[in-house]
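Single-structure report; data block below.
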Amino acid sequence: MSLWIPRQTYADLYGPTKGDRLRLADTELIIEIEHDFAHYGDEITFGGGKVIRDGMGQSSSAHDVLDLVITNAIIIDHWGIVKGDIGIKQGRIVKVGKAGNPDTMAGVDPELVVGANTEVIAGEHMIVTAGGIDSHIHFIAPGQIPEALSNGVTTLLGGGTGPATGTKATTCTPGVWNMARMLQAADAWPVNLGFLGKGNAAQPESLIQQIQAGACGLKLHEDWGTTPAAIDMCLSVADQYDVQVAIHTDTINEAGFLEDTIRAIAGRTIHTYHTEGAGGGHAPDIIKIAGERYVLPSSTNPTRPYTVNTIAEHLDMLMVCHHLNPQVPEDVAFAESRIRPETIAAEDILHDLGVISMISSDSQAMGRVGEVVTRTWQTAHKMKVQRGALLGDSARNDNQRVKRYIAKYTINPALAHGIAHEVGSIEPGKLADLVLWQPAFFGVKPEIIVKGGLIAWNAMGDANASIPTPQPVLYRPMFGAFGGALGATSLTFVSAAAHESGIGQQLNLQKVTSAVRGCRSVQKADLIHNNATPLIEVDPETYAVRADGELLTCEPATSLPLAQRYFLF
């Protein structure tokens, strides 16, 4: 016997279903549920008088059951915007589908059986995304990691050794000894970490040593001398060991111009940091490189999106980060050459066109580690307001744009750095790094951060209260952030050479090491929803940017969503 209920009543009980729409926080972005895995009438819910009870939604006889199920969640990922249950076992995602007890419920996936051994997170009215990946971290201060977690980022890739002058400017962990110490320090934090060695060397020995010591990639930075010889050698060694190379090119064109760098790269895969150039790179035309098929381009978040305040804040920021002296005219000229309104405006549009593929932070070194997710969605909102619907979207929803932008900080950095077999999306077999958001707080303040299948970070109330919700509600570490659970639910990414040599055992690491792979074969075409390769041109006098002949320009935003109203307390 069927019972028909109003759509609004159904949404109130179980969350939105196929065809329902919702707004993402206070943005102009609207999503529409494309598919619902539920079998209507057999939804699985937990609580007093609810479904997940022994012999009802919980199987009495099954032994091979889930460790954790997230029920009736709205899932946003590069592959779709759907509603369903997420099954997790042994810290890994089983799949998205219909969970429950197949003995009493219709449509239950045999891999998603709920039993007495299953924990539950109620996902009704919640959005779930894959844990974010920040691929441009200066490891200056450990305090960056709680900030990143509090914005939904669970994987950090970069370099450094703490607040050393070199680390404040460059994303490198140089040398075998420094690499070992940072790998050991990684054991203290409930996130996945990977470290880039210093790539600036014209001879191979030091580069090989760093890779064998555990570097998951190499970083070329202009402050160490990103010459054509260093670029060529770094890429040659990376090709040999299958690790990624990230590059910050020569702003002052001292060792060569953009064309010289392109010749040195010679068609080999490379991740270009802050591709627009305000964060560094050949002035004024480094942005042209985003159109190359072998370039994996990213932005850092201070220029995301272009606003009336963007230019004003950058000069002092740059002087501090690159150890420049405001009393030296050449240092001031160096800084001023990098800050160009025209290319920053074009950067907004190149993101919307899917030309620039990733967004990262540049943490404490011209970037804010706790704002990667927020600034990504601010950029998407600004482009919706200024440019209208994307091709494939409609007046009903912005699903295509939402998929494009979420890929910029999830699957695409995972693909670029050879870790997509472990993280970056909500797909079977991947580490269960999941972020739960209330829709009204999407992109700003997550509710729950699940790390490797266990809650590691949470917006939690007073621990002495009678219930979990009383103020002050603060982001606090949960049990997944302590003891042996931390090492069992997070990974340290290293080169295959280091992994195979047993670097974890050599250094007595508590976290499992995971080898990066496929770093040298990935191309721009492999990056999801963000693989356009137009011919980009920059006028050397006006800095005007064109893609396939079309002028790329937009007005700076005077106000943004996901801003002050969310940070009153």
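Cβ coordinates are placed from backbone N, Cα and C, and glycine is handled just like the others.
It should be emphasised that the depicted structure is a prediction, and the values quoted were computed from it without experimental measurement.
Feature annotation from Swiss-Prot assigns domain 'Urease' to 131-569; the stated evidence is sequence analysis. Note on the domain 'Urease' (131-569): its mean pLDDT in the predicted model is 97.
If you look up Swiss-Prot, you'll see LYS219 marked as N6-carboxylysine. The secondary structure of LYS219 (N6-carboxylysine), as reduced to three states from DSSP, is extended strand. Around the Cβ of LYS219 (N6-carboxylysine), a 10 Å sphere holds 30 further Cβ atoms from the protein chains shown.
Per Swiss-Prot, substrate binding site is recorded for HIS221, and the stated evidence type is sequence analysis. Within the same chain, the residues at least 6 positions away from HIS221 (substrate binding site) whose Cβ sits under 8 Å from its Cβ are ALA169, THR170, THR171, CYS172, LYS198, GLY199, ASN200, ILE247, HIS248, GLY280, listed in sequence order.
Annotated active site, proton donor per Swiss-Prot: HIS322, in sequence order. Long-range Cβ neighbours of HIS322 (active site, proton donor) (same chain, at least 6 residues apart, Cβ-Cβ under 8 Å): ALA169, ASP223, GLY280, PHE334, ALA335.
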